[in-house]
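The following features are taken from Swiss-Prot:
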ACT_SITE  Asp128  active site, proton acceptor
BINDING   Ile15, Gly16, Ser17, Gly18, Ser19, Phe20, Gly21, Asp22, Ile23, Lys38  ATP binding site
COMPBIAS  305-316  compositional bias 'Polar residues'
COMPBIAS  317-327  compositional bias 'Basic and acidic residues'
DOMAIN    9-278  domain 'Protein kinase'
REGION    304-335  region 'Disordered'
Amino acid sequence: MDVRVGGKYRLGRKIGSGSFGDIYLGTNISTGDEVAIKLESVRSRHPQLIYESKLYKILTGGIGIPTLYWYGIEGDYNVMIIELLGPSLEDLFSICNRKLSLKTVLMLADQMLNRIEFVHSRHFIHRDIKPDNFLIGRGKKMSIVFAIDFGLAKKYRDPRTQSHIPYREGKNLTGTARYASVNTHLGIEQSRRDDLEALGYVLMYFNRGSLPWQGLKATTKKDKYDKIMEKKMSTPIEVLCKQFPFEFITYLNYCRSLRFEDRPDYSYLRRLFKDLFFREGYQYDFIFDWTFLHAERERERQRRSMVNQGAESGNQWRRDASGRDPLGRLPQLEP
């Protein structure tokens, strides 16, 4: 069945799902370019897609921000059509056997700090910094890290008056507990400092392979959040970053020292990691741990795609009712 959305996009197979809807591969009928199509039921209890689309519009033009092509309502669905990207940092972390080299972690830190600073410069905080929400580009953009998923983002200051949102307590945890800042666990309203602290935990997750508060047994969500908070607060930063360069300790201590309304010194944090990078003798060549692994998979995917293209066009019956392709191909690396 030929399903079209946004006037000129053909809906393809499902390539992923998030907490607020499903993501499909799409094709621009005029150009043949592939896109990502995100769908969310209009009957969703907490619709977020139209809000997220508006965020992408506000962030338009930023390096590492996916291009928004169209958003609106089609039938029973809120629809957002954006640039198709490659795998997430979580996917790539798994491809690399769940451990990244210091060189790769530092190149990621540089780009991720840039993305967070840009979002903050547009008066928003992300509030869900995690490896799943950073994707690499495709083709010529394979060395660019993109920030995605702005459904939980919040305006932290008035663009006109520059007035900061007020300090509040008693807030429920927004985001992902594993990477949430200590203040977020304590129920304090999030601000710029919390995005940066979360990034610190992401970087240590990549360095170590896991975080000390992962895999804790709990009976309820609240119990789990409480146990994560207790473990996070009782693990000294020096212990968390043990056997890794002191810059990671300095980074997290700096983030935790910031006051609610403080503007972080992004340049200082980038310089911290860049100095370490060059002191270690690394070349800023955009060759990550996964570069060759991913390129190899991508070539194999394209080869198989070409082999199967002819067969697919005349053999739609091969797909089962769910839309899955039982031909047993390599797993797709798109989001």
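Each residue, glycine too, has its Cβ placed from N, Cα and C.
Taking the Cβ of Ser17 (ATP binding site) as reference, residues of its chain lying under 8 Å away and at least six apart in sequence are, in sequence order, Ile23. In the three-state DSSP classification, Ser17 (ATP binding site) falls within a strand. Each of the recorded positions Ile15, Gly21, Asp128 was scored by the number of other CB atoms within 10 A of its CB, and the lowest score belongs to Ile15. Between the alpha carbons (Cα) of Gly21 (ATP binding site) and the residue listed as 'active site, proton acceptor' lies a span of roughly 17 Å. The residue listed as 'active site, proton acceptor' falls within neither a helix nor a strand when secondary structure is assigned with DSSP, and so counts as coil. Rounded to the nearest whole angstrom, the C-alpha distance between Asp128 (active site, proton acceptor) and Ile15 (ATP binding site) is 21.
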